[in-house]
Every structure is written in structure tokens, then in C-alpha cells.
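Residues or ranges marked as region 'Disordered' in TrEMBL: A:15-48, A:153-302. Annotation comment: TrEMBL describes A:24-40 as compositional bias 'Acidic residues'. Residues annotated as compositional bias 'Basic and acidic residues' in TrEMBL: A:153-170, A:176-192, A:251-266, A:285-302.
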Amino acid sequence: MGVLHKDQPKFDVASINGAAVGDSDPEVSESESESESEGEDAVKLAEPSKTAVYNRDGLADKLKDLSWPDNVEWIHKLSIDIHSEEAVDVNDDLTRELAFYTQALDGARQAFMKFQGMGLPFLRPSDYYAEMAKSDSHMEKVKGQLLAEKKRIEESEERRKARENKKIAKEVQAQKTKERAKQKKDDIESVKKWRKQRQQSGFAGGDSGADLNFDFDDGKGSERSNKKRQGVRPGDRSGGKARQFAGKGKTGSDKNKKGRDFKDSRFGFGGKKGMKKQNTSDTTNDFRDFHKGDSTNRKRKR
Amino acid sequence: MGGKKRKHSEAIKEAEEALLLKQKQETEAPERPPRTLLGWKKQPKTDSSPSTFSGFRNKEKVLVTCSRRISFRYRHLMLNVVSLLPHCKKDNKIESKESKGSTLNELVELKSCSSCLFFECRKGKDLYLWMAKCPSGPSVKFLVNAVHTMEELKLTGNHLKGSRPLLTFSSTFDKDPHWQLLKELIMQIFGTPKDHRKSKPYHDHVFSFTIADDHIWFRNYQISCPNSGAQKLDRGDLEKMTLIEVGPRFCLNPIKIFGGSFGGPTLYENPFYVSPNQIRALEKKKKSGKFAKKVKAKTRRKMHEEANPLEEDEFAGMWKE
């Protein structure tokens, strides 16, 4: 082989550098010798090595020997050249793959036009079944993987949503309470305004004004005023009137009612029993029989 | 150089043959001579459409082998390539020795192939691919990077086994003579011959060969149309045409182009090529200095401390009394 003799001096250089010592194949060691001087571990040399062979005439000759005759029809070759504008950045996976994809797609489209021009079939018809490059079991796996991927994405999406909702929920709750408070305040305000207007327009005082009291008017309604009255039990809805009228008796058409009234007048009815037994502020503040028993007495009892 | 002489005579012979063929075509094409050596099944068809007649017939046959001790990933890549090329013959592994060139040449002749793809694995991690046209050359040696096999699940496409692929080349292949040569070589080896007995009559996948960063990147896509079932596709379908990647993927870094098959004069040498051995050696060298550096730094520090002793601290004995 003439090549080896020609490249002998370079080979020596390689062995000096020591990188190619263990290699048995002369060709590899030759190629390694090109890259001696570089100290960096870049895959590509920064500058082309000067000793590299580039025999343009030889290449052209070989190409002429190799290539098919010019009049060979395209259908034999099926090759399409696609013009690409700019060099792609190899390290950017996405743009690189996109460049390959667009090249292939353009090629496929051009080929399709050519096939259509020649009236030849192009894609496989759907009822043409034959052995495929990948087996059915493999495609099953691919499908399963795709489905799993989809499911995984959906699940993660759901989780993300739930997390965000939780974050928002607190704010939403606060907003709601604020709104409610505001609503209440507005209502009260409007009622006050309405009352003021009424007073100004001449319906001042009067029983009718008192009748139109609203329950939500700051708790100043009937209940509070009831409590203020002396001698009335808290559950007494008659407001002490029952006791007031107890002696007088009441007119009633019903016989039962008459009897009740009679009994009431005789024994007295001052409201419901259960409410009578509850403590009021008067009874709780009554310490009259608190210190009756001595502490020593109690001890002895125990 | 006997080989060269032989080659020269062969070249002349070939040229004469080509000339004869051409003359034959020019003189006889209108007369439509009966074709005897072609497949008999195709005969009525060629008779009915005389315009498709040409004397050319692609009889490419590729021998695909690999070296011993190839790793499983690279072996799978080779098997993928075998499944993509219906016109190939797979053979047993070959010992990757210095004499492998002559062995391979013999083997190719024995199998009556016209070209060869040889996957050579070194050290269980570096894959080299030899592409050779066999009796007369040329041959190319590539370093193969970025290998993805068809088995990977993210490559979801599929296509007919043995359908003829469309070959797309980026225009950068026409720039330099060595790229032109590589293009011709790839086209002949990867293109399935028309009417090959194992090929299918449809075209549902496309190979893309692109030069980026002085490497040849290979991709294989399935062509899919929304209603590919219909035989007549129109322009609208053309717009909707999409590709799905089938695999495999690899990236070829040309190292050398030789004039003969597996040898001969070097026609081209990649000036930017650094072998993976070299890269690893450099990395190792970088790492290796670590301990020595540490020791050196320590001694230097000691020397420095001895040379410049600290001043006595005036408050040093303050709390001892």
C-alpha cells in the first residue's frame, strides 16, 4: 500500500506524542496524528491541519467513474436536492431537527409532484398490508408509551390546578367576607338615610314610625327594649302584659279558652315555665344565700 | 503499480461499454428490441410504455457486516440499516485486523455484492463506518456519532419494509468535490434499486442526508397524509402532509476517502478530525495532574511560610499570667 509509505513521517510524530501507541491500525493512528498540537478537548480542531490530503482531481475522477450515466431517469435515483439557506446550529437540538424535517418534507412534496406527473403510485393505499419496518408488538409498545405520557401530563396538570386553587381559596374567602360586611353596611346606611328623609318630611315621631322599625337596625329593635323593662323574664314574649292582665280575664269564644283564661286568672300565667327557671342578671348577682355553709363544715361532710 | 494499471484498463473498458450502450440506445431505442434478460413479469408493461425504456439497470447489492466485539447498540443500528435496505446481504462478524480490507474485498466478491457497509467497533465504544464500492473503490471511513436506533420508543413512525426510500440531500453536498463523491456513494448504497424483487411498489418514507457542522446527519421519516388511503391525492393533501420520524438516527463524520476499496491512495483527509482516543487522552491528562498539583501547592505554601515568618503578637501572653 502506497499510502502507508507516504504517511510514514507523520506516523512517527504520532508515536512521539504517545496517544496512538496502543492502536494497532495504521489508518487510525495516521488520522490521530493530525490533531497533535491541540491542547483543548474540543471535538473539532480550531484550525485545519496543514498536512491533510485533499486531492480534488482524484475525487473528481472517482466521481466520474462511480456515477451512473447521465441519461438515467429520476425514478432510478429517487434523489432530491433541497436548497437550504443558512447553516444550522448543531448544538440547538430543536432548530437542527426542524431543519432536517423541513428538508425531508420539501423533498417528499417534490417527489409527490413528480410521481403524480408520471402517474405512478406514491403512498401506500390503506388496504395494502405488508410487512412493516417495525413489528406490531413494537408499535404496541410505542402506543402504550404515548398513552402513558399523555396520562402523566394530564395528571400533573390536574395537580398543578389543584395547588393553584388552594392558593387562591384563602383570598376568595377573605373577599367574600369583606363583601358581605360591605353589603350589610350599605343596607344599614340606606335605611338610616330613608328614616332621616322620613323624619324631615313631617312623619316625625308617631307610633307609625316606631312600627316600621327594622330588625337589623343595630339591634335597637324590640328585643333590646324588652330586656330593658324591669320585672320581665327573658322568654316572656308578651313583654310582661300577660302578668299585667292576669287578674282581669279575657273574653274568648271557645270554651276551652275560657277555662284556660279562668285558670290563668286564678293561678296566674307569666310566660313559659322553662324560661322562668333560667337565670337572669338579677338572680346571678344575688349572693344572699352564697355564704350559708362554713368551709370546715363542708370538709367534715366529705 | 499493478493495481493502478488494472484499474486503468478497467476504466477504459467501462467507458467503452458505456459508449456502446449509448450508441445502442440511440440507434435501437425507437425499434424497441425484445428484452430478454429482464424479469419476465415486467415485460408486458415495458412493451406497453416504451418511454420508460432505458438500458440502465441498477444492480446494486450491499454487503453489511460488522466487526467482532461490537456493542449491542451499534449492532442494533446495523440491524436497523439491514431492515431499511432490501437490497443488502448481512454477513457474519469479521475480525477487525489490519488485513480486514482484503478479507472484506474477498467476501464482497464471494457474495457478488457491489458495495459494502462495514460497522467497525473499537474499544467497545467508538463506531466507525466504512462505505465502499467494491471492486474498484472508492471507500470512505466515517466516525459515527449520536446513534439512536429504531427501537427507541420516542420514534413513533412506521413504514413498509422494503418500500423504496426517497433520498433528500441538502444543497451543501454540491459544494465540494468530496461531498459530491459522498453524495453519489450514499445515493447508490442507500437507494433501493427500482423493481428490486424485495422492494414494494409504494414510497412511504424519506431519508434525509444533511450536512451540518461538516457532519452528515441521517434521518428517516415516514410520510403520512390525513387521507392517505385515497390513491389520488390533491394539492390540499400536499399541504397537510406530515412526517413522523421512524429512525434510526446517526451522524457521520468523514475521516478519510480512499481511492480503492478498503485501501488505496488517500483522496481526502478531514483536516478537522480528532479521534475519540485523542479526546479521551486529553481529558485524562487534564485530570491526572490533580494530586501532583496539590502536593506542589502544599510545599510552596510551606516554603513561603518559612521565608516570611509571622511577627510575634504583642498580646500573645496576655491571659496566661
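Heads up, the Cβ atoms here are built off N, Cα and C, so glycines get one too.
Since this is a predicted model, take the numbers as computed values, not measurements.
Across the compositional bias 'Basic and acidic residues' (A:153-170), the DSSP tally of helix, strand and coil residues reads 18 helix, 0 strand, 0 coil.
Residues of the same chain lying 6 or more positions beyond the ends of the compositional bias 'Basic and acidic residues' (A:153-170) include none with a Cβ under 8 Å from any Cβ of it.
DSSP states for the compositional bias 'Basic and acidic residues' (A:176-192), grouped as helix (H, G, I), strand (E, B) and coil, give 17 helix, 0 strand, 0 coil.
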